[in-house]
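Annotated in TrEMBL:
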type	residues	note
DOMAIN	36-465	domain 'Major facilitator superfamily (MFS) profile'
TRANSMEM	30-49	transmembrane segment
TRANSMEM	82-102	transmembrane segment
TRANSMEM	114-133	transmembrane segment
TRANSMEM	139-156	transmembrane segment
TRANSMEM	168-186	transmembrane segment
TRANSMEM	192-213	transmembrane segment
TRANSMEM	274-297	transmembrane segment
TRANSMEM	309-333	transmembrane segment
TRANSMEM	340-360	transmembrane segment
TRANSMEM	372-397	transmembrane segment
TRANSMEM	409-429	transmembrane segment
TRANSMEM	441-459	transmembrane segment
Amino acid sequence: MSSSAPGATNPMLYDPIPEGQGSTTKRNQFVAALGICMAAVSGGTALAWTSPVLAQLVPANQSDTSGLANESFLLTTDEGSWVGAFLAVGAFLGALPAGYLAEKIGRKYTTMSLAVPYLISWALIIFATGAGMLYAGRLVIGIATGASCVVAPMFISEVAETSIRGALGAFFQLHLTVGILFVYAVGSYTHWVTLSILCAIFPVLLIVAMFIVPESPVYLVKKGRRIDAGVALKWFWGPNADTQSALQTIQSDLDAASGEAKVSDLFTNPTNRAALFISLLLMFFQQFSGINAVIFYTAPIFQSAGSTMDPAVCSIVVGVVQVVMTLASSVLIDKAGRRILLLQSSFIMGACLIVLGVYFKMQNDKVDVSNIGWLPLASVVLFIISFSLGFGPIPWMMMGELCAPDIKGLASALAVMFNWTLVFLVTKSFGTMQELLGSDWTFWFFGGWMMVCTVYVFIKVPETKGKTNAQIQAILGGKK
């Protein structure tokens, strides 16, 4: 569509708002982020699904299955571990096609299309008659989850105003934790098939939401559809938004970029390379914080603290803490800034991991720890609070902020593939590390990485709060 085409009835051909004098409303930006994040809730349900389900399908004692006699089929311990691991394999495979599709058919239709693999996977799981169908379902839902991790943060970062980009950026991790909490709360008290049917509601909500939300203005300008981009901006930012200035900013960012990105551009252009490496290292430190190890240990730690709480209730408590603190992060992120939240996160998590290691060392050495049973409990709660405020949401959000528009799809896909590779490695090797190193050294291993992370964030990670994409690119390119 040409911007000089006739059609005075289209309000975007003449914007009555004088340049630089518009005012915006934030409501529709939050509505859009909420709709897009139905993909994140769906991903969260997929992530947490194994926690209550494997307890129903994998006998604690492989030779005694009498307690699970009502199930049509059961899994061995090894099959159970693969049901968990196939999600990470699928997520790795789903990331790159999602980045490509987002550039070809747009953010809106790529996000909407994610509902298809989600629904197919839940159908495979609901009607499963053995491990094979569960493997297939988990692989397909992994593809959808990996794709969600690429497209949703990208879409949100492109529709949010600079002043609330951090808050909306944290929405992805927030809704991931909402999905996790849903499964912990419902899965503990329902049959796994019923849980799976309920989880299939969220992809349906994603389709409905994507019918309402317009396409990303950045994508529309990129495709030469400037009038459509203006209409979309009026929907996202309100009828009194200064769309002329906003469109000019988007165009300038795109003009500064090199057009269609190639993989080599990520490594040959110093600014792109800096954005990619920071994104990759933030993902690395997110997984090497040992978050999965700590959540895995939550129930035994609660018990060692003298708690008689049901392990299912422990999981729900952890889920609630994650949701509440990630919500707090979305409020703080545009006030305190990204760097300070990352620094507190890595430092406090490192300290908590070292304390947990010392506690388990004392326990292994048969030291009486009954009078400090509260210490590991406090460490776990503080660790999860700190993770949820910093390294939970911020790596996903900064992935969308740091990259120039032309490389965003490709760089995001590589960062997500890297993240899921690490998820697979950490979760599969965690049990082996415990056997070889012991619980104490396993926690110290992750604690050591958090100390390295604190130094790295302090030296290398720029503050992106309140900065436009052009300003961020200038900082990454070495210009202050």
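Placement of Cβ uses the backbone N, Cα and C atoms for every residue, glycine included.
Computed from a predicted structure; not experimentally measured.
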(request) Mind looking up the mean pLDDT for the domain 'Major facilitator superfamily (MFS) profile' (36-465) in the predicted model? (result) 87
(message) Counting Cβ pairs closer than 8 Å, which of 30-49, 82-102, 274-297, 409-429, 441-459 has the most of them with the transmembrane segment (139-156)?
(response) 82-102
(request) Return the stretch with the most CB pairs under 8 A relative to the transmembrane segment (409-429), choosing among 30-49, 82-102, 192-213, 340-360, 372-397. (result) 82-102
(request) May I ask for the residues of the chain that lie six or more residues beyond the transmembrane segment (192-213) and have a Cβ under 8 Å from a Cβ within it? (result) 31-32, 34-36, 38-39, 41-42, 45-46, 49, 52-53, 56-57, 108-109, 111-112, 114-115, 118-119, 122-123, 125-126, 144, 179, 182-183, 186
(request) Using a Cβ cut-off of under 8 Å, list the residues of the same chain at least 6 residues beyond the transmembrane segment (274-297) that approach it. (result) 266-267, 318, 342, 345-346, 349, 353, 356, 380, 383-384, 387, 391-392, 394-395, 398-399, 402-404, 407, 411-412, 414-416, 418-419, 422-423, 426-427, 430, 439, 442-443, 445-447, 449-450, 453, 456, 460-462, 473, 476-477
(message) Below 8 Å between Cβ atoms, which of the listed ranges 82-102, 340-360, 372-397 makes the most pairs with the transmembrane segment (441-459)?
(response) 340-360
